[in-house]
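Lifted from TrEMBL, the feature list:
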COMPBIAS  497-508  compositional bias 'Basic and acidic residues'
REGION    1-47  region 'Disordered'
REGION    488-508  region 'Disordered'
TRANSMEM  65-83  transmembrane segment
TRANSMEM  166-185  transmembrane segment
TRANSMEM  197-230  transmembrane segment
TRANSMEM  236-262  transmembrane segment
TRANSMEM  274-294  transmembrane segment
TRANSMEM  329-350  transmembrane segment
TRANSMEM  357-377  transmembrane segment
TRANSMEM  397-417  transmembrane segment
TRANSMEM  429-450  transmembrane segment
Amino acid sequence: MTSSVTPSPQAPLESAPPEPTTGPAAHRSGRPVLPSDTDPVAAAGSEVLGGPAGRRIRFSPGLRAPLQVLAVLAVVTFAIGMLQKAPCYNGGWFFGANTQYVSACYSDIPHLYTQRGFADGLRPYFDSYPGSMPYLEYPVLTGLFMQVAAWITAAFGAQDQAAQQLYWFVNAAMLMVCSVVAVVATARTHRLRPWDALPFALAPVLAFNGTINWDMLAVALASLGLLLWARRHPVAAGVLIGLATAAKLYPVLLLGPLFILCLRAGRMREFGQALAGAAASWLAVNLPIALLAFDGWSAFYTFSEDRGEDYGTFWLILMQTRGESLESLNTWVAVLLVLCCLAIGALGLLAPRRPRLSQLAFLVVAAFALTNKVYSPQYVLWLLPLAVLARPRWRDFLIWQAGEMFYSLGVWLYLAGNVGDEQQGLPEAGYHLAITAHLLATLWLCGVIVRDVLRPAHDPVRADGSDDPAGGPLDAADDRFTPRALAGRADALEDAPETRHTTEQYGK
């Protein structure tokens, strides 16, 4: 006998719910945050490539793909900048002063190869050379970088103009590596936000100013230091910050925000470790040269102290408007910088929610750049990684970049009219306008970041439920030092004697 069994209807297959693209759930899901999901400008730009990523798109695990894309884009951007220097490479650096300014392709690198004795085999800091600058006026690690490039250049046997061209090319290649390191380190600092580094990789100022001087070395080292801090390696982070300070002065300022935030979070042990690492690495680089060739080693510091109002600053506008230099300029600069740092420190301690490290880091380095006696066009590179970490929004980044590019073009045209051999370029009033554009653009970005600190709901990084992805030991840490906490402790201390007295009198 056969029996028939009526098959039950098959249950419909249930599809997995789509991964969230924004908000705290997206943060918990572990998928990378896409700019097109959260940034209106990025979303509009993504329409050119087919629109924002859909809800059902699957992402490969890990950060390898974004990092590879960002590294390639950084190389392309930097290479475009090298091509932009072509009018100078074959003539502007060597024949006539005006071409390198009118074509905006000036670079210190080929000039200092001969003017600082590298072409003659002189040793930086140890050997002097004739002229107003008898020793190399750069920090020790930058001097070593320059010397390594000189050794590579000498190995090819090039002479005269060909040697200067090769020296620039060797340095440019080494600085390109530094730019890639800085971009990748910045992308890895926020684990789930690698694309925040995209504006850095595509920045016009990276192309335009990347090979003017050697600043990208310090930027790369400082970026690695911030990455190591984010990975909770305070000693190693301090070592990298110390090395960055041995290449350029500004990275030492990063220790200020670390101190303020660690004080507020009760993480002074980690700050002490970072401080010790920074001091040890800086001394390891500087102490031998200072002991063996003090005059050469100190040239950077004496040069910085002795210089007056220089290009790119409101100090220069003030001096040219008044017709005379400001007395006690160093004192004015120091006082203004200290006041800015005190204000930033107060912001870090008194803000309703503890600021993110990148926010305070940008503010303090920007304060240094805005109050300094000189603002060379390449100084904007210092702020690039900090800007994209502190305020990862294309609109504000592009506003800032517009002001900086206007200044970068303005300074060369001003030099064409005042230093170049044809004396045709931007007049003084036009140059003051370019400086003002730089100042206002930087202040704009500072203002938006301060707004984010005071009103954390506006902070794009915290919109997904994160606290401080670059904060390392500070991330999600409870506050220990706040005005409210101090007030509570003071009240407790005031009540303590009365409580003891009451217990002694009535407690039995």
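The backbone N, Cα and C atoms fix where each Cβ goes, and this holds for glycine too.
Outside the transmembrane segment (357-377) by six or more residues, the chain places 189, 205, 208-209, 212-213, 226, 229, 250, 253-254, 256-258, 260-261, 307-315, 329-330, 333, 336-337, 340-341, 344, 347-348, 383, 386-387, 389-391, 407-408, 411, 435, 438-439, 442-443, 445-446, 449-450, 452-453, 468, 470-472, 474 with a CB less than 8 A from a CB of the stretch. Of the ranges 65-83, 274-294, 329-350, 397-417, the one with the most Cβ pairs under 8 Å to the transmembrane segment (197-230) is 65-83.
Under the criterion of 3 or more C-beta pairs below 8 Å, with sequence separation of 6 or more, the transmembrane segment (329-350) and the transmembrane segment (236-262) qualify as touching. Sequence-distant contacts of the transmembrane segment (274-294), counting only residues of its own chain at least 6 positions beyond either end whose CB sits under 8 Å from a CB of the stretch, comprise 125-126, 140-141, 229, 234-243, 245-246, 252, 255, 258.
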